[in-house]
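Encoded as structure tokens, the structure appears first; notes follow it.
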Amino acid sequence: MKDKISELEQLKIENEQLKKKLNDSRYLPFNLNVFKKALNNISDSVVILSTERTILFTNNGFNKTFGYENENIIGKYANIIYRENIDSDRYEEIYRSIINGGWEGKIYLKKKSGENIPVQLTANIIKNFNGNLDAIFAVAKDLTEQVKAENSLQEAKDKYANLFHDLRNAVYESSPEGKLLDINPSGVKLFGYDSKEELLNVDIAKDLYVDPTDREKLKAEIEEKSFIKNYEIKIKNKKGEQKVVLETSTTIRDSSGKIIAYQGILTDVTEDKKREELMNKYVADLAEVNMQLRNSETELKKLNAEKDKFFSIIAHDLKSPFNSLLNLSEFLVEDISELSMEEVKSFSREINKAAQNVFNHIVNLLQWSQIKTGGLEQVIENVALASFVNNTIALIEGNAAKKGISIINDIDTRLFFKGDRNVINSVFLNLITNSIKFTRRGGQIRISADQNENMITVMVMDNGIGISKDNLEKLFRIDEHFSTSGTSNEIGTGLGLILCKELIEKNNGEIWVRSEEGVGTTFFFTLPKGDI
């Protein structure tokens, strides 16, 4: 019992001595009370140790960080804040460094809760007036948040490194001058080089772009926008094989805003492009097949209409004049002895007219069938148009004269056309005959022509009965049966104008018509211009 009382008395004595040291300038080169307020305003942890490494003072920053109150920490040995499970020799080494002039570095210290925290420790010695070691002054900066941030940053770096390494897309960093600064394994594979080091030595524009000027265009785009997405470029690998990639990239700038690098991702879409091209080709081929089917359907309808027209002509238009021939000739055979000479002449004229009509039918049918079967052979010549028209007029002016119709050729004698004589003659014969048919007695037919640089436009104009608007729409159409009697009951074939259209188009021209009922009709068609 007496021993325990003695120990307690000894502790009281030592505590009183410690208090005297804290306030006695003989023990410290300054009066600590003067600096307590200033030290307590420091957010970092401040601790003063005796030469025996007992704690003489802690500021508010220390108490807050380590979780102590002054009465719980003052007078305690410094190992109360030593990190557990660490070699004590480490702290002895630090202590010796402090004694020999000071120490600074990162170390872990223990809080009252037992948690170890990282700190940046700066420790120096305090000497008395005699120059002897009197105390140790240490400042500890809590690095917990900094270490967390560093750890988070390192984790992010590790994740980025793993992502950079494992990403299937090519990831790169390049300089404005055109050198790769870094590239991941997928990028090395994309460009077909043996190693990253080999690839870092190439000239980007010259060695990796199909068109070197594309890099300058890309640079201009990214420098203007600072970010681009899915920019399509054509690249080439080490073997020169071309590929298509989509680039998404951004700029890296220094504090002054100057671009110091580019970072980006390249996505190889070569196979996608090939599939897209194949799909487009498939769609185009399908569209072409559909067009061919539609054309075939149209052509089939046209052929059916032509077939119907052909049989209609044979069944009706040829049957009527043949019936006239048969009836008139039969009447002559049976009753010629009872007829006067004038009556015989009249019947003969009718027979001749019917025979001429049949002949015209057959000629038109033959020409039309030649066109449809590809049997129409053309001999293209350079022909003087005015004299050619005069020759055609001579063939049919007798028919015009019977109705007192004058045919005027106003064509310039200096005009020449290129075409087949027989084909163009059939056109003129049909059009002039048509005008004679629908022009009243004493009427007029005028043939003229204009020219431009490459073509001649021929006009066959009459002052006949004209054509109604409804009937105008039926002209030149094989699917519309349109045939009317003339002013003197002339019979038409219904095929003449259709034949004219076919023949003119075979000769690289066009045909159209303008008409007004009671005023007259003008047919227009074009011929390739010949040489004078």
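Using the three backbone atoms N, Cα and C, a Cβ is placed for every residue, glycine included.
Heads up, TrEMBL stuff is auto-annotated, nobody curated it.
Residues or ranges marked as coiled coil in TrEMBL: 1-28 (among others).
In terms of DSSP helix, strand and coil, the domain 'PAS' (31-102) has 36 helix, 13 strand, 23 coil. Per TrEMBL, domain 'PAS' is recorded for 31-102 (among others).
Under DSSP, residues within the domain 'PAC' (103-155) fall into helix, strand and coil as 12 helix, 30 strand, 11 coil. According to TrEMBL, the feature domain 'PAC' maps to 103-155 (among others).
Averaged across the domain 'PAS' (156-224), the predicted model reaches a pLDDT of 86. Per TrEMBL, domain 'PAS' is recorded for 156-224 (among others).
The feature domain 'PAC' is assigned by TrEMBL to 229-281 (among others).
As annotated by TrEMBL, coiled coil applies to 279-306 (among others).
Annotated domain 'Histidine kinase' per TrEMBL: 313-531, in sequence order.
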